[in-house]
Number of protein chains: 2
Amino acid sequence: MLRLGHRPGRDKRVTTHVALVARAFGAKGIYIEGEDENILKSIEKVKNEWGGNYFTLSFIKNPKKLVEEWKNNGGKVIHLTMYGININSIAGTIPDLDNILVIVGAEKVESWYYHAADYNIAISNQPHSEVAALAIFLDRIYKGEQLNIVFGDSKFLIVPQKAGKKVIKK
Amino acid sequence: MLRLGHRPGRDKRVTTHVALVARAFGAKGIYIEGEDENILKSIEKVKNEWGGNYFTLSFIKNPKKLVEEWKNNGGKVIHLTMYGININSIAGTIPDLDNILVIVGAEKVESWYYHAADYNIAISNQPHSEVAALAIFLDRIYKGEQLNIVFGDSKFLIVPQKAGKKVIKK
């Protein structure tokens, strides 16, 4: 995952949600353009309680360099954007890709990324949310199986309830 | 849609994302506990440019009353929560329901809602994001078709591109 253009005040919670979805839905880590200790704290707290310690969070200054290196190492770059090809038109061709860097932007993404990406994919051609776009994209990749993820290093385990909450301390 | 516990400073952008996903993914409207003119402005702007004028946004003070009235009128209430039954375990039983009120909370949801809801559904039993939870839930209801939505009253139309942006003014 690469999160572009994070603005600490304005985007703090949305970027945190992007990172939490990435972790919960099976991504290996996230790169965030910018720096924001609050996000790091939130994610470390969730990892500590709910597991997934392998999930990495790195703040970077030069996302274009990351994209170029990713491609040079044989990885594929997928940019999620409402202007791209609707995922419903290309489902089935995506899930086989290994070593994917998924890019989501904040307000406006530079034209460079549209051309550097191997795929520009629209999770609907409507404006909505990069959090939702990432969730649906990972859902298609993992075919819904990501919703069953439980992390082995979790301190807590939820016992799903029809009403109320039940949490076991491991 | 019912969005509980909106806190204007902290939740502004996340609640806006919830509302944008609701509109883009086919919900008829959203009730927001609290009041925040900035969210209303953001949604009105998107409706004005990208259509979906039927989509309603209302600020309410008494969400419990709404839930009770909804049920009294024969509607079903679904609360999305990480403590509920995983949607993977109950998929197939959900899509047939008509007249659904979907509840997503901010930080902490009162116990009352867990017991008032007809279903407490987990979009994974991991902490992540109400934006993602709503997106995946509506995706399951509409079986992915919501990603093809184009609003008849839109001023603009995106022509999906492999790279770059193409927008037509209607």
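One-based numbering along the chain as shown.
Positions of Cβ are set from backbone N, Cα and C atoms, glycine also.
Unlike curated records, TrEMBL annotations are generated automatically.
The S-adenosyl-L-methionine binding site feature in TrEMBL is assigned to B:Leu80, B:Gly105, B:Ala106, B:Glu107, B:Lys108, B:Val109, B:Ile123, B:Ser124, B:Asn125, B:Gln126, B:Pro127, B:His128, B:Ser129, B:Glu130. Secondary structure at B:Lys108 (S-adenosyl-L-methionine binding site), as computed by DSSP, is coil.
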Mind pulling out which binding-site residues among B:Leu80, B:Ala106, B:Lys108 sit under 8 Å from chain A, Cβ to Cβ?
none
Most Cβ neighbours within 10 Å, among the binding-site residues B:Asn125, B:Ser129, goes to B:Ser129
When each of the binding-site residues B:Leu80, B:Ala106, B:Ile123 is scored by other CB atoms within 10 A, the minimum falls on B:Ala106
